[in-house]
């Protein structure tokens, strides 16, 4: 059963601790996926590792680095001179936030990277990330912009018409 009433807000310290745990968790995912990929592809099958395997590793490292750096900069806390926590940073666990999309990119890259130990064609699944980005761009920015009403005079015209009708009704009474 869901709790009644308003959802409690979280303090700076709790956000700071949760951000630290979230960053640790995603760092473990990154290190684990890279360890599995390097062990299987570049150690066991070193003789058959092609240019594309090395390119995929470089691409995944770039994606991991950019995503993790963005998340850690968003979660950067501010401390006062005496060491007290002034700001816990942005909440990385906030729904529909930018950090949620960065976490999805890290998870997608890790899944694709581990599955690509079996076939390099699995990297085509990474096209889901730009597809999702285009979808979000359309739904949140471009779609509303293209379908927005172009004029505000219409409400003024309707207000005038409504006032006229009210006056006519008053005259009839």
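Here the Cβ of each residue, glycine as well, is placed from N, Cα and C on the backbone.
Of all ranges given (80-104, 105-129), Swiss-Prot attaches the label transmembrane segment to 105-129. Residues 25-45 are the range that Swiss-Prot records as transmembrane segment, among 25-45, 130-150.
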